[in-house]
Amino acid sequence: MSTTPNTPASASREPSCKVSAGPHDAPSSPAGKRPAPPCTLVIFGAGGDLTKRLLMPALYNLAVDGLLDDGMKIIGVNHGERETSVWREDLHKSLQQFAADKASTFHAGKLDDKAWNWVAQRLEYMAGEFETDDTFAKLKQKLDQSPGGNVIFYLAVTARFFKPIVEHLGKAGLLKEGEGAGEGNTGGFRRIVIEKPFGTDLASARDLNAHILSYADESQVYRIDHFLGKDTVQSILAVRFANALFEPIWRREYIDSVQITAAETIGVEGRGKFYEQTGAFRDMLPNHLFQLLGMVAMEPPNSFDAEAVRDKKAEISDAIQPLTADDVVFGQYEKGPAGIGYREEPDVAPDSTTETYAAARVYVENWRWAGVPFYLRTGKRLAARRTEISVQLKPVPFRLFRDTPVDALTPNVLTLRIDPAHGTSFDFNVKTPGPVMQIGAVQSSFDYADFFAERANVGYETLLYDCMLGDETLFQRADSIETSWCAVDDVLHPKTGGAIPVHGYAAGSEGPAEADALLARDGHSWRPLKQDAVEKK
Ligand code: BG6
């Protein structure tokens, strides 16, 4: 996303907002991009879903764009003996399936055999348990064959393996950077990529950070929040800072409230065991939704330099007023028009009190935002899939319309659509045609697809590429992770009042009525999930 170290701004990825001409025909190689430096990508969890569904498709897309170096290698580590050829074939089949699936964002249509073969030739499978010395000795032997080489260790594993893997890497000397410097090479980098969940609360996140940082330097740690890999999320900064229109009004004097929604229609999709431990709040709030909030609320950085951006985002997570039980509503889906209830899902306790929906009112205590409520909501099995941010402006004085038939004015709302629609819309008021002063609420929309050719993208391309380049802009720093968990700690561990009650909502509905009440007490209401545009009158 940002300019990379030693890279002039003009040579870095161009934010799509810079392309201002009309519709473009075909995807092209990203202008001015250079292949990442050679490296070995070691994937722990080679047999897992993440590798199959996201990492391989993303690597394939990067190969199609010519953004990987010929010297790249990919070592997949997993328990269980398996031939490399079998692993390759398995991955190839999955890619073919995704390519054929019209609903997937992979959008390859037909696989490019040349690109796939390029990736396939670089794949090597290595059997190994994640917690035994043997695995790391074997890995070291392999990596020692190219001393001084760059290595990325990708932890595509369940969270309980994060600590042991990092510890083994550290103890095996695999995290030492600059090894083998001299003799024509400058010594390689060693980076660790860690998936979410990064801890389950403040104490565990602190503990995990401390553990990792006792073996690696912060600059070697790439904590992923996959929402930041989405183009539409990165574009929030472009919309805010590349246009003169928004920034002057982007503050408490003009903004009434902000709604951030990540609504899903799917249920827990076989992840009952994980979800029972996690719940919607931990799964989405202090990470994905706070990241969106950070992009909306942060001050303009002086550059796209990673630390400049991350400093500004860190200020926001630090300024979030700690949430209390009064600020949140939890819900759980029950049997409804969209299917069975959560308690009937596999691996879910029949009397489970895990929330599948969470709504929160959040305040950012700084000069720009004091007093502006940010309403966040997320949930499974809701009425529509919709990830978006709606910024509602304050009402205008009504005096002028007092003696007309107009009885109320609809508020101006700017909506940034992240998924599945990609674009923006603005709700505003005009005079309806005719002799009488009547006001009609209308909507002006922009859709990415109308202006730009769609690029194959599963959301991990940028993240992997940036990690290879050493650009940490889109990754989370230890301090931000901790301040985010800190802001929700009282909800997770209430000092008084007991656990947050969980209210039922019908599968396929807009969520629990209690979430409506959370906003109603401030005189607000949620934007309906189902309704798309302002209806034509
Ligand atoms: C994941 C959560 O991090 O994000 C899932 O664990 C959730 O529960 C997913 O479904 C949502 O991501 P996206 O990109 O599909 O909106």
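Heads up, the Cβ atoms here are built off N, Cα and C, so glycines get one too.
What TrEMBL says about a protein is an automatic prediction, not a curated fact.
Noted in TrEMBL for the protein shown:
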type     : residues                     : note
ACT_SITE : H288                         : active site, proton acceptor
BINDING  : E129, F130, K196             : NADP(+) binding site
BINDING  : H226, K230, E264, D283, K380 : substrate binding site
COMPBIAS : 1-10                         : compositional bias 'Polar residues'
DOMAIN   : 42-234                       : domain 'Glucose-6-phosphate dehydrogenase NAD-binding'
DOMAIN   : 237-527                      : domain 'Glucose-6-phosphate dehydrogenase C-terminal'
REGION   : 1-37                         : region 'Disordered'
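Ranked by Cβ neighbours within 10 A across all protein chains shown, the recorded positions K196, H226, H288, K380 are led by K380.
Rounded to a whole value, the Cα-Cα separation of E129 (NADP(+) binding site) and H226 (substrate binding site) is 26 Å. Among the binding-site residues F130, K230, D283, K380, the residues whose Cβ lies under 6 Å from any atom of ligand 1 are, in sequence order, D283. Sorted by the number of other CB atoms within 10 A, the binding-site residues E129, E264, D283 start with E129, the lowest. There are 20 other CB atoms within 10 A of the CB of F130 (NADP(+) binding site), with all protein chains counted. Annotation for K230 (substrate binding site): same-chain Cβ neighbours under 8 Å, separated by at least 6 residues, are I418, D419, G459. Each residue contributes its Cα atom, and for the residue listed as 'active site, proton acceptor' and H226 (substrate binding site) those atoms are 8 Å apart.
In the predicted structure, the domain 'Glucose-6-phosphate dehydrogenase NAD-binding' (42-234) carries a mean pLDDT of 92. Those residues noted as binding NADP(+) (E129, F130, K196) have their most widely separated CA atoms at a distance of 21 Å.
Largest Cα to Cα distance within the recorded substrate binders H226, K230, E264, D283, K380: about 20 Å as a whole number.
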